[in-house]
Amino acid sequence: MSRLCHVSLPLLVYKVFNFTFWGSLGCFLLYIPLYFKQIGFSASEIGLVSSVRPFFGFLFLPFIAAAADRFRRRKAVLVASVILTTGILASFIVFPRASQVPCDVMEDQIREILHLNISLPYQEGQSSYYFPADADTVLSPTPSVLKRNIGGEGIPRHLASSFSSKAQQTSRNDSTVESSQFPRATQEILLANQGWLYDQAELRVLFVVILIVSSFIEVVVFSSACQLDNATLDALRREHGNVDQYGFNRGFGTLGWGACSLATGFLLNSTRTVEVSCGIEHTITSYWASFVSAVGLSVCALVCVAYMKFSYEGIKTDGAGSSWGAVKAVLFSWHYGSVLIMLIFLGICNGAVWGFLFWHLENLGATQGLLGVLTAVECVSEFSSGLLSGWAIPKVGHMPLLSLGLFLYIVRFCSYYLIRVPWVTFFVEPLQGMCFIMTWTTSVSYMTEAIPPENTGTMQGILISAHHGLGNGLGYFLTGLLITRFGAPWTFIIYAVSCTVVLFIFLSVQWFSQVPPLPWKPDEPVKSHTGEGREPDPEEMLQTQSLLDSPKATKSGKFSLKLPEFTLTTKTVSQQDPW
């Protein structure tokens, strides 16, 4: 266990990069759906942006990774990707919100967009007013009813009277009240889609711009992660001779994601204000705090790149065929190809859980505090699994760990179907580390060992695009369709049955298929099944001729053959004279 906790100084820079890079994404990606909701995007538009993003990474990342390998520009690609990531994160700071429309136009847009026939309680000439949200207001990703303490401080004088009756019923520091302007169901609809607040033409332009930018950020983020993994795998080979400790280094990314996202949540909670627009209260959060934090951590990650080393030994630049040939031979084999298919399916399962588990728990009555604690449990589980992966892979083996990860997904999906009380999920979510980090690091370790080191970037690009791109994208998309058609509980049962079928097929393929020979490994030469019909190898003929011509093989110009000593044992038999 002491060996697991040992931190190698040459690998420290890769751990710091993992922490800062994934921490910056934790500050950004976790809260970006809330930002989209605040600026007026509908749920379908947010879902479209979230599901399209991974597919762009799936389409472009393999080509970027292969080009970085072929032209020996891994570090340049990493620097460019991190710089572009930082620039895109910074662009969200300056994105303008669409203009708010007058109150009479708001009423028309509510009828058109939300199909509600209501009259807004506004006064002539009234504009929007802001006042700070109370400190005990909890940041909620999907608030159903706006709640706040009423005290009158910071509220314009002519609006304070509208809250006086509420203030008489409650103390400022002890209780909360609901806005009683509309029935609860109506208020839920108004807060779920706030597009009625803004000019629709400007909102459509803003949506198109953000869709393009969000799709592009997935490409540069995947590219950064790919080259980061390349550098980490190269460093592990230099230090340990294998890549079994990859999960431990990747676990620092999970640690950064959890710690930075939690800190950003508290920071955003302190920036919340309540805006009154045409008599309707809605919460406004200054998400610039999230974007600035993400940019700062991304700059720290960029500094770490200067101290990272990349290996280009054996990389050929005379053509792409030599680079793609070894990777193609591995991926198109039954043995390794089934591992890639398994990785894609695990990505689909991850997309289903990441996209809709909290949504399902919230429908069961989970609070945001409970969901936040569940996120912390998942991060601890993932970091622990990454820490133990270096020990588990040599002891247990790659295929048993992959099979165990998919089996645990069966357990999780069946549990989600049975759960009726949200807090019971605490007993299930510790399995997240085995299902995600352990299976991911096991797949990376196994597939990268099957190819030459110079093709690591190409293989890593394929693995990331297949798992995080195609797999997660299909998970978001298919799960949304299934939940719409069958509901969340039955969707989880469908996934459990699918995992069982895929696990059976995977084990069958692994049982009947053989590990293909790896020609690039000197200790694993390619052997022909039969010697008949095989052309003589010129290299073997030269080696045979050199042995025949060596001094040990000849003596005085004549061929000599040394045989082992032959010893004949005899026994004397005495015979009597017959006479």
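From the backbone N, Cα and C atoms, a Cβ is placed for every residue, glycine too.
Under the heading compositional bias 'Basic and acidic residues', TrEMBL lists 523-536.
Here TrEMBL flags 12-493 as domain 'Major facilitator superfamily associated'.
As annotated by TrEMBL, region 'Disordered' applies to 523-556.
Under the heading transmembrane segment, TrEMBL lists 12-34 (among others).
The transmembrane segment feature in TrEMBL is assigned to 46-64 (among others).
Beyond the ends of the transmembrane segment (76-95), by six or more residues, the same chain brings 21, 24, 28, 35, 64, 67-68, 206, 209-210, 213, 216-217, 220-221, 223-224, 227-228, 231, 287-288, 291-292, 294-295, 298-299, 301-302, 305, 308 to within a C-beta distance below 8 angstroms of the stretch. The transmembrane segment annotation in TrEMBL covers 76-95 (among others).
Annotation source TrEMBL lists transmembrane segment at 205-226 (among others).
Beyond the ends of the transmembrane segment (247-268), by six or more residues, the same chain brings 4, 11, 14-16, 18-27, 30-31, 139, 229, 232, 236, 285-287, 289-290, 293, 297, 372, 375-376, 378-380, 382-390, 393, 437-438, 440-442, 445 to within a C-beta distance below 8 angstroms of the stretch. Taken from TrEMBL, the feature transmembrane segment applies to 247-268 (among others).
Within the same chain, residues 13-14, 16-17, 20-21, 23-25, 27-28, 31, 35, 75, 78-79, 82-83, 85-86, 89-90, 92-93, 231, 256, 260, 263-264, 267-268, 271 sit at least 6 positions outside the transmembrane segment (288-308) and bring their C-beta atoms closer than 8 Å to a C-beta of that stretch. Residues annotated as transmembrane segment in TrEMBL: 288-308 (among others).
Marked as transmembrane segment by TrEMBL: 329-357 (among others). Sequence-distant neighbours of the transmembrane segment (329-357) (same chain, 6+ residues past either end, Cβ-Cβ under 8 Å): 50, 54, 402, 405-406, 409, 412-413, 416, 432, 435-436, 439-440, 443, 446-447, 450-451, 459, 462-463, 466-476, 478-480, 483, 488, 491, 495, 498-499, 502, 506, 509-510, 513-516.
Annotation source TrEMBL lists transmembrane segment at 401-419 (among others).
Among the features that TrEMBL reports, transmembrane segment is placed at 431-448 (among others).
Residues or ranges marked as transmembrane segment in TrEMBL: 469-486 (among others).
Counting only same-chain residues 6+ beyond the ends of the transmembrane segment (492-512), those with a CB under 8 A from a CB of the stretch are 334-335, 338, 341-342, 345, 349, 352, 399, 402-403, 406-407, 409-410, 413-414, 416-417, 482, 486. What TrEMBL records for 492-512 (among others) is transmembrane segment.
Residues 21, 25, 32, 36, 39, 41, 45, 48-49, 52-54, 56-57, 60-61, 64-65, 77-78, 81-82, 84-85, 88-89, 91-92, 95-98, 457, 460-461, 464-465, 468-469 of the same chain sit 6 or more residues outside the transmembrane segment (205-226) yet have a Cβ under 8 Å from a Cβ within it.
Spatially, the transmembrane segment (469-486) is not adjacent to the transmembrane segment (401-419); fewer than three Cβ-Cβ distances between them are under 8 Å for residues at least 6 apart in sequence.
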